[in-house]
Amino acid sequence: HDAWKNIVVCIVSDGRTKANPSTLALLRELGLFNEDVMTIFSTGANTTMHLFERTLRLGKDKKQVKLYHPSSTSTEKSYPPLQALFALKEANAGKLNSHLWFFNAFCNQVDPDYNVLLDVGTLPTKSAFYKLLSTLEMKHDVGGVCGEIAVSCPIPNLWNFVIATQHFEYKVSNLLDKATESCFGFVSVLPGAFSAYRFCAIKGAPLNAYFKSLTTDMADLGPFYGNMYLAEDRILCFELLARTNGAWKLKYIKDAIARTDVPSTLVDLMNQRRRWLNGSFFAMLYSIVQWGRLYTHTNHSVVTKIGFLIQYFQLIIQLMFGWFMVATFYLSVYYTVFTSLKKNKLGFVQTEEWYDDHHSIAMSLFNIMYAMLIMVQLIFGLGNKPQHVKNLYTVLSVAYAVVVITGVFFAFASIASGGNISIFNICLIVATLGVYFVAALVHCELHHVLFTIVQYLIMLPSTINILMIYAFCNLQDLSWGTKGLTDSSGHGGHGASSVDKASSGSYKDLVAARKLKEAEAKQDAKKANDVKKNFEAFRSNLLMFWLLSNAALIIVCIYFVGANVFLPSLFLFIALFNVTRLIGSISFVVLTAWDFILLCICLRSGSLEKRRTNNRHHRAADADEDNAAAYGHLGSSKVDGGMPSIVLK
């Protein structure tokens, strides 16, 4: 009956003027918000946050959220009491700043066992929180967990190719990538939208690294680390794994599902993936460079470190494949189309004579048209926002769809008319594409892949070319986590200006203060301009190197390698990589079933509750010792000797 005392729900709203009026109205009805008491009690400083606190008693009403009002005639039931905090930030300073408030202002005071992070717009399913927290309770070496983030209402939106493509990507990422990574103990990213951490595992160095982009001047941070911290959740995961003298692991919990809204248009997807692609690229590069810390600074077991070595090579392969993905896609289509024409593989039409007479013109036209598509993207990607030229990107997406449909048509026509396809080639095709269906079948989610793979294949060239080129063209844009922020004071308050301080002095003091303020403004403007130049130069250099390296790969493959070597090598590489992921995915299903059996045994025997009781006693004793050391006598421990869990929304 007292379990509710161990839970605190903390709602952080990013900006008073940005808050949804209906949300504030609901909180007002619940008694968790009162604008009449938002009086500024400060001298010379602006208010940065309005904090409200209340213990709620909500009624069990399926239609609406409302307070429970007990009466002798009412048959209404209620949920247990809920300790709630509502932190309304005065300024809109971004999600990362909200996390800074949550961890530094609240968690450091409450010192919870676990933190569950939940973004607005993400709806957890029933028992999703329980499944995350039960894993942390059962496995004391697990420092962080995440569930499956699924697309909200995917079936009605199957005809929206953007949403269907994301649904396929989310499913494949969960079925293959996260499942495999969880077997090794290192999930590369626990999404901040829905994840849970053991607070003692992230407290200190990992959280300091997580907030480095907020606590470090941009001039000192630099373009590399600035882009890297666009994927701050990836950095937190790696720093948790590589914590000095630690042996923490990260896990993926398949049955803990949360549904989220996803971009429904190509323009919105470009804005989102710019942050994801740039951040993940530099974060992955950082992890590869810092990977040695896992062997020299941590206490992981030998078996775990061997698994990390396998993941290390997987990261290198992913990084290299992602870097040359634009060139790889072009070469795949180029070789598929013109090899089919050259060797007369279409069957229903003779193309060999036509190829001998016109292949040079056809190749030149194809190369020119493809190069024009790339050039148009570069020009508009460097100088325009996607929402300003959304019709252009729609045309580009359709053009790329025509390219991939042509390539797939020639590929299947060649296979159908070949007659003597080798067993090796059949195995490569099955291993390349069949892995998705086998993994989905093992996880009992085959229908998701079947209903969305066609849309994904049609959108594949757009996700490769349009999204990647736009991302690299905007490496200087670090807007993630700072949207709507017009100054650099997302956390602290503002002191009174020098002019205000001197307003009560003499005229000379006022003039001197005004000149000082103008000089400071000029210095800040010069510093900001230098930072902008540095970031733009970094963007231009890396973009040029990326384009030249992809162009070099295309030239080398066309003139020195050839289709007979490139295509089998590419399919063999993808097949081996996918088979490795499939083995990890199947292993994850087996391990998950074993964990479920252990959980049932613990629940039936009562050992899990005994473990929780022992943990509460140990933590209460530690709290008493800390209080005695701080105040010279034994202080009061937390409610019931337990440690509250905190949920951030």
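The backbone N, Cα and C atoms fix where each Cβ goes, glycine too.
Unlike curated entries, TrEMBL annotations are predicted automatically.
As annotated by TrEMBL, transmembrane segment applies to 276-295 (among others).
Look at TrEMBL and you will find 315-338 (among others) tagged as transmembrane segment.
For 359-380 (among others), the entry in TrEMBL reads transmembrane segment. With a cut-off of 8 Å between Cβ atoms, the residues of this chain six or more beyond the transmembrane segment (359-380) that come close are 330, 334, 337-338, 341-342, 389, 392, 396, 399-400, 403, 465-466, 469-470, 473, 547.
What TrEMBL lists as transmembrane segment is 392-416 (among others).
Residues or ranges marked as transmembrane segment in TrEMBL: 423-443 (among others).
Look at TrEMBL and you will find 449-473 (among others) tagged as transmembrane segment.
Annotation comment: TrEMBL describes 542-562 (among others) as transmembrane segment.
Sequence annotations record features per position, and here TrEMBL assigns transmembrane segment to 582-603 (among others).
In this chain, the transmembrane segment (449-473) lies in contact with the transmembrane segment (276-295); the count of Cβ pairs under 8 Å, excluding pairs fewer than 6 apart in sequence, is at least 3. The transmembrane segment (392-416) and the transmembrane segment (582-603) are not in contact, since fewer than 3 Cβ pairs between them lie under 8 Å (pairs 6 or more apart in sequence). Between the transmembrane segment (542-562) and the stretches 315-338, 423-443, 449-473, 582-603, the greatest number of Cβ pairs separated by less than 8 Å involves 315-338. Contact check: the transmembrane segment (582-603) against the transmembrane segment (423-443) gives at least three Cβ pairs closer than 8 Å, residues 6 or more apart, which meets the contact criterion.
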